[in-house]
Amino acid sequence: MQKDFIFTSESVSEGHPDKMADQVSDAVLDAILTQDKHARVACETLLTTGLCVIAGEITTTAVIDYNQIARQTIKRIGYDSSDIGFDYNTCSVLVTVGKQSPDIAQGVDRAHDDYLDQGAGDQGLMFGYACNETPVLMPMPIHLAHRLTERQSELRKDGRLPWLRPDAKSQVSIRYVDGKPHSIDTVVLSTQHDPEVSHAQLSEAVIEEIIKPVLPKDMLSADTRYLVNPTGRFVVGGPMGDAGLTGRKIIVDTYGGASPHGGGAFSGKDPSKVDRSAAYAGRYVAKNIVAAGLADKCMVQVSYAIGVAKPTSLMVDTFGTGKIPEAKIVELIQAHFDLRPKGIVNMLDLLRPIYTRTASYGHFGRDEPEFTWEVTDKAAELKAAAGL
């Protein structure tokens, strides 16, 4: 495996059109779970100039106002005028929602291999990942990229940089030496802005107020490159600049490309969908393995069949950093984690309206209390069971 290289990850702000769509879908999910925690929700959102479309399959006893949920979510993000790309107050909101297929429901509600447990909502494969590059056990490039877009939003909302607009993207390239982060090679930050601000003024403020306060000083050097709005202008943004769709930022949502991805998006899906819940469980497992000192880096793959409760496979890769054999780690996972869909829901307390917060700045590497899959409460027992 190559030891010296440059690795890059990107993030996008809450005002990016795809992330707007994710947040609307998860706001719908949260509103439903508040009233009906056993609802089946698969909610997709499309955003384009002046239009928000909400579609999907939803089976619930909850009664919610889709129109107001969409508008209030877009307002919170900051789109309150067509001049900046979208207006929550004047946009059209179209809702076309059906119910979950009864063929799917019969497999989810009663699993074929264990009548006491809920079956998986679909087939699929999911990955979890953790490494010791950062205190939150996330790869450094994606961790820093998220902090940059968070900082852009913070300075926009508190008025310190009043000419910032909601749409933004970041990209961080880290130089690795002997397989470990050594220095920051390149930082890209593109942010939407008012037309009056000059590129020179914007570039200086972004570097000094957004980028440098976030990045570790010991990772910066005279050779670090800062590329701010490289095209020179970013006035038209949001859904006016690009259409937004739920589920189009799955690498931003996870590990920034440092780990494989099973392909299933998260937002708008209730926890019976293993695309979401099993990916969260995979992160929980991998993070506890690294926190326990069983490996410096750990990837977990799990797979499911629709209507079947037990995973169809479980695989671990520690990339040569494991302190015990990977086969032993698999045994420990099977002994200490219940990876059946209902087991995951119970283990991580997922039947709560916690998902809107996950829909921007990453589903992993967060320390808010809603993110139960980030807790390392299994680390001590894993370490003891491994005999370390």
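In case you wondered, yes, glycine gets a Cβ from its N, Cα and C as well.
Listed in Swiss-Prot:
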{"type": "BINDING", "residues": "HIS16, ASP167, ALA168, LYS169, ARG233, PHE234, ASP242, ARG248, LYS249, ALA265, LYS269", "note": "ATP binding site"}
{"type": "BINDING", "residues": "ASP18", "note": "Mg(2+) binding site"}
{"type": "BINDING", "residues": "GLU44", "note": "K(+) binding site"}
{"type": "BINDING", "residues": "GLU57, GLN100, ASP242, LYS273", "note": "L-methionine binding site"}
{"type": "REGION", "residues": "100-110", "note": "region 'Flexible loop'"}
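Positions of Swiss-Prot features highlighted on the structure.
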{"residue": "HIS16", "record": "ATP binding site", "contacts (Cβ under 8 Å, 6+ apart)": "ASP167, ALA168, LYS169, GLY244, LYS249"}
{"residue": "ASP18", "record": "Mg(2+) binding site", "contacts (Cβ under 8 Å, 6+ apart)": "VAL12, GLY244, LEU245, THR246, ARG248, LYS249"}
{"residue": "GLU44", "record": "K(+) binding site", "contacts (Cβ under 8 Å, 6+ apart)": "ALA21, SER25, ILE54, ALA55, GLY56, LEU245, THR246, GLY247, GLY268"}
{"residue": "ARG233", "record": "ATP binding site", "contacts (Cβ under 8 Å, 6+ apart)": "HIS199"}
{"residue": "ASP242", "record": "ATP binding site", "contacts (Cβ under 8 Å, 6+ apart)": "PRO17"}
{"residue": "LYS269", "record": "ATP binding site", "contacts (Cβ under 8 Å, 6+ apart)": "LEU29, VAL41, ALA42, CYS43, ASP275, ARG276"}
{"residue": "LYS273", "record": "L-methionine binding site", "contacts (Cβ under 8 Å, 6+ apart)": "ALA42, GLY121, ASP122, GLY264"}
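A mean pLDDT of 59 is what the model gives for the region 'Flexible loop' (100-110). Sorting the binding-site residues GLU57, ALA168, LYS249 by the number of other Cβ atoms within 10 Å puts ALA168 first. Put simply, the two farthest-apart Cα atoms among HIS16, ASP167, ALA168, LYS169, ARG233, PHE234, ASP242, ARG248, LYS249, ALA265, LYS269, the recorded binders of ATP, are 36 Å from each other.
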